[in-house]
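Have a look at the structure below before the remarks.
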Amino acid sequence: MIQGTLYIVSAPSGAGKSSLIQALLKTQPLYDTQVSVSHTTRAMRPGENQGEHYFFITEEAFRQMIDNNEFLEHARVFDNYYGTSRKVIEETLASGVDVFLDIDWQGAQQIRKKMPSARSIFILPPSKEELCRRLRGRGQDSEDIIEKRMDQAVAEMVHYNEYDYLIVNDDFNTALADLHTIIRSERLHRERQAQRHDALISKLLAD
């Protein structure tokens, strides 16, 4: 079985990473690509569903999972905890499915230490002004929260140079095409292709 690839995707809030990942998944078979569903202690937003967008749990339950070493990574962001189940990720990758992790730079650093083979992608907005406009356009946060998110955005973007790939989400379709290109190139990597075409290569090299 060909091991799936773990993709780390990070961006400041409002840069469009979640929309890009969801658009990508609509074009990929479920047996090829899945998105990781994280655990979080933050409140559920309108339109979100338990187990689909996040596993919403109490802070007490989250801390218990930390004590049990059940997370591949976890971090505290905007006064809430977020974490990724180690077991789910490892089992999914072992089945040959690529997994996307929508996490911040703190989680990305933890993942890279534990899974050096993971590929990382950072998504930038075209400008601070556009980022602020997008945050206001969501209609989910107060001005105080938006201001806090803008401050956090700068702190997040400082870490762009820790990632393998960089995408600027100015035009959505162009950014999506860039994301497709990254996935396609990784699937054409020699190691994965050699596993996929092992029988063919053996025949070609046979005396």
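Just so it is clear, glycine is given a Cβ too, placed from its N, Cα and C backbone atoms.
Features reported for this protein in Swiss-Prot:
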DOMAIN    4-184  domain 'Guanylate kinase-like'
BINDING   Ala11, Pro12, Ser13, Gly14, Ala15, Gly16, Lys17, Ser18  ATP binding site
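A C-beta separation below 8 Å, combined with a sequence spacing of at least six in one chain, links Ala11 (ATP binding site) to Lys17, Phe122, Ile123, Leu124, Pro125, Glu156, Asn169. Cβ neighbour counts within 10 Å, taken over all protein chains shown, single out Ser13 as the most crowded of the binding-site residues Ser13, Ser18. If you draw a 10 Å sphere around the CB of Gly16 (ATP binding site), it holds 21 other CB atoms from the protein chains shown. Fewest Cβ neighbours within 10 Å among the binding-site residues Ala15, Lys17: this applies to Lys17.
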